[in-house]
Amino acid sequence: MENRRQVMIVWQADRMRIRTWKSLVKHHMYISKKAKGRFYRHHYESTHPRISSEVHIPLGDARLVITTYWGLHTGERDWHLGQGVSIEWRKKRYSTQVDPDLADHLIHLHYFDCFSDSAIRKAILGHRVSPICEFQAGHNKVGPLQYLALTALITPKKIKPPLPSVKKLTEDRWNKPQKTKGHRGSHTINGH
C-alpha cells in the first residue's frame, strides 16, 4: 500500500505574532466577552503533535477553524522558525481552506453590523444604522461614498485591545519593502 498524503496550505507566521493573537482571542473570549460561542482547543487537547492550538469560530451552521502549528520545517529565511497557521471553513462533513482576507470578511459579515451596502435599505425601513465598525479588518475594499461621508463625520472609538484579525496573524512583517530616504530631501525609495 502506498503512502497517501494530504496537502494543506499553512501560512508561515511569526512566533510572537501567534502568541499575541492567541492572547487577544483568549481576552475577548473570557474577559471582554465579545467572542461568545468561540471554542479554544489547547495543544494538549489535540492528538496531532504539531498542532499548537485551534480556535473554532461559529458562522451560523458552519464554522471557521484557525489552527496554529509549531515544529514545522523552517522556511528559506532565518526567521521562518517553523510556526504556521491554517484556516479552514467547515460545514457538516465539507471543509475547504480559505485565505486570511476571506476569513476576516466571513467573520465580519456574520458578527459585525456596520454601515455597508444594506445600510441604506435598513435606514429606509426604520432600523438603526451605525456607521462605525468595530472590526475594520473585515473590510477588504473602499466603502461607498455614503460610508466615507459618515466616517468623516463620526470619529471611531478605539477598542483596547483590538479584535484579533486572521490577516494580521498571517502577515509577513519582514518581507515588506523597507522605506529609506533618498539622497534628495524626503523622497522615499524602496531599499534592498
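Cβ coordinates come from backbone N, Cα and C, glycine included.
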Per Swiss-Prot record, range annotated region 'Interaction with host APOBEC3F' [choices 74-79, 116-121, 134-139]: 74-79
For the region 'Interaction with host APOBEC3F' (14-17), the number of residues DSSP places in helix, strand and coil: 3 helix, 0 strand, 1 coil
